[in-house]
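Enquirer: I'd like to ask you about the structure that follows.
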Amino acid sequence: MIVNFISALGKQVIDFFRALGRAGFMLFGALIGKPQIRKHFPLLVKQMHVLGVQSLLIILLSGLFIGMVLGLQGYVVLIDFSAETSLGQLVALSLLRELGPVVTALLFAGRAGSALTAEIGLMKATEQLSSLEMMAVDPLRRVIAPRFWAGVISMPVLSILFIAIGIWGGSLVGVDWKGVDSGSFWSVMQNSVSWSYDILNGFIKAVFFAVAVTWIALFNGYDCMPTSEGISQATTRTVVHASLVVLGLDFILTAIMFGAG
């Protein structure tokens, strides 16, 4: 019983490091080499539209509602201490430090990450990647690299938009509905938010999350079994693994950025 458990655990650990190694080689092969800006730039722009622009609606709506909920819940708590003028600070710091990057990454993993995995998996199942190799075209450079950079560029921008619309949603509830003084709301927020400590750290988080989510999505599609069942399982793995990595990475980055303060 114990031997079987140890054997199974060891196999899982070995499989994990094998997959990590394959993912590293895939990313290395996609990014290292002579850049071909003229060939790859149109592909990059197309993928930025697919991953970024087509994700705008869910990002903006989610940011608006989360900002409104923050404004309402924050007002209910702060009014008991006659500190409702600090509502802008609460909403802004919550979105900049945590909710903006994290929720955007989770939504990006569910919408764009799963689509990436399914697309790459389908290309593998229909032997499109093999056909590129037969034509002396590197599929890593042609297929993986533009999608990777599109994800890394798009997700931080989506995070900025999420935060902006969330702050506006918080002001709608706090200022326009609950009657918090507009000048106090915005001035306290401006005085409490630090460019280097809050805004920059939140953006760095978004970049780390973008790399992790896009990398996981592309690898699961590139490494999946070329069958309908394999693609389905890979898509599920992308959402689960990316979400867990984002939450774990968020704790590590938060401890590094804000834990010493």
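A Cβ is built for glycine as well, from the same backbone N, Cα and C atoms used for every other residue.
So Swiss-Prot lists these for the protein:
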type: TOPO_DOM; residues: 1-12; note: topological domain 'Cytoplasmic'
type: TRANSMEM; residues: 13-33; note: transmembrane segment
type: TOPO_DOM; residues: 34-49; note: topological domain 'Periplasmic'
type: TRANSMEM; residues: 50-70; note: transmembrane segment
type: TOPO_DOM; residues: 71-147; note: topological domain 'Cytoplasmic'
type: TRANSMEM; residues: 148-168; note: transmembrane segment
type: TOPO_DOM; residues: 169-198; note: topological domain 'Periplasmic'
type: TRANSMEM; residues: 199-219; note: transmembrane segment
type: TOPO_DOM; residues: 220-238; note: topological domain 'Cytoplasmic'
type: TRANSMEM; residues: 239-259; note: transmembrane segment
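Give me the lay of the land around each of these features.
Expert: The residues of the topological domain 'Cytoplasmic' (1-12), classed with DSSP into helix (H, G, I), strand (E, B) and coil, number 11 helix, 0 strand, 1 coil.
Proximity of distant same-chain residues to the transmembrane segment (13-33), defined by a Cβ-Cβ separation under 8 Å and at least 6 residues beyond the stretch ends, is recorded for 138, 140-141, 144-145, 148, 215-216, 218-219, 222-223.
Long-range Cβ contacts of the transmembrane segment (50-70) within its own chain (Cβ-Cβ under 8 Å, at least 6 residues beyond either end) map to 90-91, 94-95, 99-100, 103-104, 107-108, 111-112, 115-116, 147, 150-151, 153-155, 157-158, 161-170, 172-173.
Note on the topological domain 'Cytoplasmic' (71-147): mean pLDDT across this stretch is 90.
Through the fold, the transmembrane segment (148-168) approaches residues 27, 30-31, 44, 47-48, 50-52, 55-56, 59-60, 62-64, 66-67, 70, 88, 91-92, 95-96, 99-101, 103-105, 108, 112, 116, 189, 202-203, 206-207, 209-211, 213-215, 217-218 of its own chain, all at least 6 residues removed from its boundaries and within a Cβ separation under 8 Å.
Here the topological domain 'Periplasmic' (169-198) is broken down by DSSP into helix, strand and coil counts: 24 helix, 0 strand, 6 coil.
Long-range contacts of the transmembrane segment (199-219) within its own chain (CB-CB distance under 8 A, at least 6 residues past either end) are made by residues 19, 22-23, 26-27, 96-97, 100-102, 104-105, 108-109, 112-114, 116-117, 120, 144, 147-148, 151-156, 159-160, 163, 193, 238, 241-242, 245-246, 249-250, 253, 257-258.
When the topological domain 'Cytoplasmic' (220-238) is classified with DSSP, helix, strand and coil residues number 14 helix, 0 strand, 5 coil.
Under 8 Å from some Cβ of the transmembrane segment (239-259) lie the Cβ atoms of residues 97-98, 101-102, 105-106, 109-110, 113-114, 201, 204-205, 208-209, 212-213, 216-217, 220, all in the same chain and six or more residues away from its ends.
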Enquirer: For the topological domain 'Periplasmic' (169-198), find every same-chain residue at least 6 residues outside the stretch whose CB is under 8 Å from a CB in it, and list them.
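Expert: Here the qualifying positions are 63-68, 70-72, 74-75, 84-89, 91-93, 95-97.
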